[in-house]
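Enquirer: Reproduced below are the annotations present in TrEMBL:
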type	residues	note
REGION	1-35	region 'Disordered'
COMPBIAS	1-13	compositional bias 'Polar residues'
COMPBIAS	15-35	compositional bias 'Basic and acidic residues'
TRANSMEM	178-201	transmembrane segment
TRANSMEM	207-226	transmembrane segment
TRANSMEM	235-256	transmembrane segment
Amino acid sequence: MAKNTGGATSTSRLLRAEDGRGDSERGGASGRPREPWKGEFVKSIVYAGLDAIVTCFSLISSISASRYSSVDVLVLGFSNLVADGISMGFGDFVSSSTEKDVAAKERAVTAWDVTNHGGNEQEELLRQYQALGMDINDATTVVNIFAKYKDIFVDEKMMAHKGILPPDEADKPWKNGLVTFVAFLVFGSAPLLSFIILIPFTNNDSIKFVGACILSALALVLLGMAKAKIAGQNYAFSMAITLFTGAIAAAAAYTLGSVLKNVAGVQD
């Protein structure tokens, strides 16, 4: 019994030491980069969120520069938000479906080539591995092993030779479209909230526009933080980039709206 207890204790100490080493590496002691957050819909959320905030706030900026009323801002803003959200969501659905269909077609072609010209396909994969710096003997061993399993060989051939990931049957393009649509509406509503929240308190459109600027900046900061967390990037840099993008787009829209107001003779 004492011997078993000692063995268990030694094993426990080894496990704790290993955990401590892993924690030290994850904590940055060895300079190990932060791992990105692996999310199925990361691209859809970040892309739709940034586009929604910038697009909606740019529209508000151009309308405000033309001296339209708060009602005009809300009507045009929400109409544009819904229309763009539907367009973005459907566009994401179509592009994801097309990408999946192309991958499936490429896999079918590669599978045919492997079945009918297996020797040539093995030679191509062998040269590909050698080009990546693999020793000829190791490359030959790897290719020979893959050649025993057709499905694995086809997938590896697609990735190594064509740079295309095999299609994942679990992927549902309609989910990408729905996430894009919802993310666009949620983030795009931020600049418009100021005009809704301040209705009971003031009729000054300039104050409401300032509020929209603040809410848009906060939304961009939050999106920048989320982007940094997801991609394992520097928080300050990510937030600065998103804020800079929004500021440039808003300034361009406001300037263009003001210029067109004067050139076209739009009346207040």
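From the backbone N, Cα and C atoms, a Cβ is placed for every residue, glycine too.
Tell me about the surroundings of these features in the structure.
Expert: Here the transmembrane segment (235-256) has long-range neighbours at 50, 53-55, 57-59, 61-62, 64-65, 213, 216-217, 220-221, 223-225, 227-229, meaning same-chain residues at least 6 beyond its ends whose C-beta is under 8 angstroms from one of its own.
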Enquirer: Which bits of the chain, at least 6 residues beyond where the transmembrane segment (207-226) starts or stops, bring a Cβ under 8 A of a Cβ in it?
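Expert: Non-local partners: 45-46, 49-50, 53, 56-57, 60-61, 64, 70, 73, 187, 190-195, 197-198, 235, 238-243, 245-246, 250.
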